[in-house]
Amino acid sequence: MESWSRCLERLETEFPPEDVHTWLRPLQADQRGDSVVLYAPNPFIIELVEERYLGRLRELLSYFSGIREVVLAIGSRPKTTELPVPVDTTGRLSSTVPFNGNLDTHYNFDNFVEGRSNQLARAAAWQAAQKPGDRTHNPLLLYGGTGLGKTHLMFAAGNVMRQVNPTYKVMYLRSEQFFSAMIRALQDKSMDQFKRQFHQIDALLIDDIQFFAGKDRTQEEFFHTFNALFDGKQQIILTCDRYPREVNGLEPRLKSRLAWGLSVAIDPPDFETRAAIVLAKARERGATIPDEVAFLIAKKMHSNVRDLEGALNTLVARANFTGRAVTIEFSQETLRDLLRAQQQTIGIPNIQKIVADYYGLQIKDLLSKRRTRSLARPRQLAMALAKELTEHSLPEIGDAFAGRDHTTVLHACRQIKLLMETETKLREDWDKLMRKFSE
């Protein structure tokens, strides 16, 4: 509806744009005779719209379309002429009304590319979806850098819960949405309704809980919401950009609660997984690219899945626009600037600094000639990371480490690869450092 689009544009000049994006953009408008039906994904959004925006919505829709009657309903805009199911104004979530708690149905386990870096996280999300509320994985916390698939797995788990039991009420929220809703409820003195909505769902999925850091009242309300859901054996799935105990500003009691269930890290994908992701994403787009092009992207883009997708999208778009075949030469030409920016972001000096900080050393220690174990291992690890994450040759890496010979760098890379197969601590250090480069 054109009138609805104009209504949203006007509202963005009257209310904070982030509020319009969070609470009003999810609504789907449909004209039915002398009324406009606004479809919301869940009762929580309907209640907020009814309390804060409905009066102004009626005024604007009347102005732009001449229709003043506005009906709120749960669901999606129907493709047929059937009438919508009106919202139950008693505040109860009827099991006969389809409930869509902001879940993106595009994300599922079938289109999630599994690799060593995310294998455990995928298995944990699958178990949570199959047995929601089981204490072995409640809460389930997925943590790791940006663009590694945490939200994908969260959506996939929620979608499976709905497939197994269509009446299951799964709500997904970004942490900012939880915070914004709570602030509005405090302002409107409607905290009882705020709490009731969360207590009536079967599963709660919240993204990026590090956003709660330093927000005492938000943590207070989430703490009580967590307890109510946990005691009711309702599944809780959360994501964070790092292990919660490393997040400054989170209350100790909340950190303790988060440790009750299962916490699983998602690490940056290895080369094989990156290549598989590129090929899978290309198939999703109906594009065909040679394996060597997928290998090129996987080799150059190391940090996260979003960077891989960005490179692929750029490549496919230019190929479609120019009509040229996707060859290695075409790919190198198209992605030149993107790859150069990636290399500038992760340079050898940056690697040296991050490794030195991680081990509590100074960069001059890594570059020194001393061969004590406390220095030799971090130095070898830094060299191996430089080989993995940059396009520098072995001699160039050696030069960056105080003029060491290329054979020294080669030995370091082989040694680290060999030791990671048997030394759990070294493998953990490698994974943690790789996560830092994906942040």
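Placement of Cβ uses the backbone N, Cα and C atoms for every residue, glycine included.
Since the structure is predicted, the reported quantities are computational estimates derived from the model, not experimental observations.
According to Swiss-Prot:
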- 1-75: region 'Domain I, interacts with DnaA modulators' (REGION)
- 75-101: region 'Domain II' (REGION)
- 102-319: region 'Domain III, AAA+ region' (REGION)
- Gly147, Gly149, Lys150, Thr151: ATP binding site (BINDING)
- 320-439: region 'Domain IV, binds dsDNA' (REGION)
Local Cβ density at Lys150 (ATP binding site) - other Cβ atoms counted within 10 Å:
27
Which residues, sitting 6 or more apart from Gly149 (ATP binding site) on the same chain, put a CB under 8 Å from its CB?
Phe112, Asn118, Ala121, Ile266, Val305
Neighbourhood of the ATP site (Gly147, Gly149, Lys150, Thr151): other residues with Cβ within 8 Å of the Cβ centroid, in order?
Leu142, Gly144, Thr146, Leu148, His152, Leu153, Thr239, Ile266, Asn304, Val305
Give, as a single whole number between 0 and 100, the mean pLDDT over the region 'Domain IV, binds dsDNA' (320-439).
86
Starting from the Cβ of Gly147 (ATP binding site), draw a 10 Å sphere and report how many other Cβ atoms land inside it.
19
List every residue in the same chain as Thr151 (ATP binding site), at least 6 positions away in sequence, whose Cβ is under 8 Å from its Cβ.
Tyr107, Asp207, Thr239
Could you give me three numbers for the region 'Domain I, interacts with DnaA modulators' (1-75), the DSSP helix, strand and coil residue counts?
43 helix, 17 strand, 15 coil
